[in-house]
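*Asks:* Take a look at this one; I'll ask things after.
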Amino acid sequence: MNQILIQGVIIIISLLSIIIINQKDIILINIKNKYIKQISLLLIIYFIYIGIYINYLFNNNILGFQLINNYININWGIDGISLWLINLTLILLPISLISNWNISKNEDKSKVLTYVLLILIIGIIIILNFICLDLITFYILFEATLLPLFILIGKLGSLPYNGNNKIIIKGINNNNITPREKAAYYIFIYTLFSSLFMLLSIGIYIYMINNIDYNNIYNIILSIDLQSIIFIGLIIGILVKTPVFPVHTWLPLVHAESPISGSIILAGIIIKLAIYAIIRLILINLSDVIIIYNPLIYTIGILTIFYIGLITLKQIDIKVIIAYSSIIHMAIAIMSIFSNNILGIEGSLLISIAHGFASPALFLLVGGILYDRYHSRLIYYYQSLATYMPIFSIYLLIAGLFNMGIPLSLNFIGEFLSLNGIFIYNSLFAILSTFSLFITTIYQMKLTTKLLYGYKSIYINIWSIWGNDVNKRELLLLNILFFFIILFGIYPNLIIKSLNLSISSLLYIPF
């Protein structure tokens, strides 16, 4: 019953979205901006209510998918892995919506409506991606987030500012595109092109099993050559989506130009689809070829950690620094998920969930507070903020500690389990992976000290800073994110007990 309820609500909202878009000139006549946002927030809260109900029904002692239902000729269901990715999505959706709550101050109704609909549509697509049980639907939903994200970044991303904090509007006849439009094209072209290889591999899967259901993949035996073809196609699409070196260049640009809600959704949820795709499409039936290609995957992961870590130290854009931090964390997650042991796979998922809380918190601080107030992403633009914005400074320091993996945080648990899992697989790779801990500490402390301490910035009027500290709305969002990081860091078994059986079915015996 609950599956039908979820799918029915999602389809109804999707249809209403299409109707509103087509008839927005009529509907918007009597609707104020604040009501548009409040209605969308109520819909998300309703999804959260359904998510709580699903958690109540979920049985941690049952192996495989639960609450399975066939709706519109597609099988839907959840296991322990998809359950917690859905939970993460439901937590971050209202945060992403509220993060840009003040969008209506200088925007018309159509742009506000476009914004809230894009957030809802992206959330719906991601949730459907986590609960679908067939290959075709998975691929369609896997790529379907591109279009709304493209519009969100290209139309609502950051605008260039001059020295007087005036928006620079480019002329109609100017052939140059704005940085936010460039970022939108980057993510669209990069991920769409790489997904063609993924589509080829999924097509081979479907041809071999003559079916589109996940469960049938377990029942086929593939030759090494065929496994290699499928693996290469899938891993290309996944590594670009994650991303890792050398196909990482789109992520810093996209984060830098995205609205804060776009950065929260991208860092918190969308790049986790790559980890989920590895579990659903690679680990279940490509174990023989994983053993062959694992050294290559681990080498890419180590190169990503070292290269990205070093170039992060040279960055002066505060949002780009956080974006590069995401790449390093996801490189650890990729390595540990291929470790073929419970500790490694659990650690990979816990890192993904922890990163889904910590990275949005950092983006909210530097992109949703500093950038919204002073319209600059340059690290040298800000100094001595601890004197004038004490509450902001405390939260930035705490978020930085979480990002570094301080004990009693979920980040610490995820990194500890991941590195243990990598060590079980190969001690040399584990030792090299620990470089991520040191480099993360260095660039995070650099970011914190540059922003909070030192001499007063010559670029900011002191009197303009007073009273610009964190407001109640921002405090609420940050406290929610910090609460879950600490809660799951102190009691990680809340998540792990749901993952154990699902992960145990992914392990294989090396030949």
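Each residue, glycine too, has its Cβ placed from N, Cα and C.
Since this is a predicted model, take the numbers as computed values, not measurements.
Below are the features listed in Swiss-Prot for this protein:
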TRANSMEM  1-21  transmembrane segment
TRANSMEM  39-59  transmembrane segment
TRANSMEM  78-98  transmembrane segment
TRANSMEM  116-136  transmembrane segment
TRANSMEM  137-157  transmembrane segment
TRANSMEM  186-206  transmembrane segment
TRANSMEM  264-284  transmembrane segment
TRANSMEM  289-309  transmembrane segment
TRANSMEM  318-338  transmembrane segment
TRANSMEM  349-369  transmembrane segment
TRANSMEM  388-408  transmembrane segment
TRANSMEM  422-442  transmembrane segment
*Asks:* I'm a bit unsure how to read this: which one of 39-59, 78-98, 116-136 has the highest number of Cβ pairs shorter than 8 Å with the transmembrane segment (349-369)?
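*Replies:* Most contacts with the transmembrane segment (349-369): 78-98.
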*Asks:* Who are the chain neighbours of the transmembrane segment (264-284) in space, where the CB to CB distance is under 8 Å and they lie at least 6 residues beyond its ends?
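*Replies:* Residues 81-82, 85, 88-89, 92, 95-96, 99, 119, 122-123, 126, 129-130, 135, 138, 142, 145, 149, 198, 201-202, 205, 214, 217-218, 231, 234-235, 237-239, 241-243, 251, 254-255, 258, 290, 322-323, 326, 330, 333-334, 337-338, 348-349, 352, 355-357, 359-360, 363-364, 506.
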*Asks:* Do any residues of this chain, six or more beyond the ends of the transmembrane segment (422-442), have a C-beta under 8 angstroms from a C-beta of it, and if so which?
*Replies:* 294, 298, 301-302, 305-306, 309-310, 312-313, 325, 328-329, 331-332, 335-336, 338-341, 343-344, 403-405, 415
*Asks:* May I ask for the residues of the chain that lie six or more residues beyond the transmembrane segment (39-59) and have a Cβ under 8 Å from a Cβ within it?
*Replies:* 2, 5-6, 9, 13, 66-67, 78, 80, 83, 86-87, 90-91, 93-94, 97-98, 116-117, 119-120, 123, 127, 498
*Asks:* For the transmembrane segment (186-206) and the transmembrane segment (116-136), check the count of CB pairs under 8 Å (sequence separation 6 or more) and say whether it reaches 3 or more.
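*Replies:* As far as Cβ distances go (cut-off 8 Å, pairs 6 or more apart), the transmembrane segment (186-206) and the transmembrane segment (116-136) touch.
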*Asks:* What parts of the chain pack near the transmembrane segment (289-309), using Cβ distances under 8 Å and only residues at least 6 beyond its ends?
*Replies:* 224, 227-228, 231, 235, 239, 244-245, 248, 282-283, 324, 327-328, 331-332, 334-335, 338, 340, 422, 425-426, 429, 432-433, 435-436, 439-440, 443, 508, 510-511
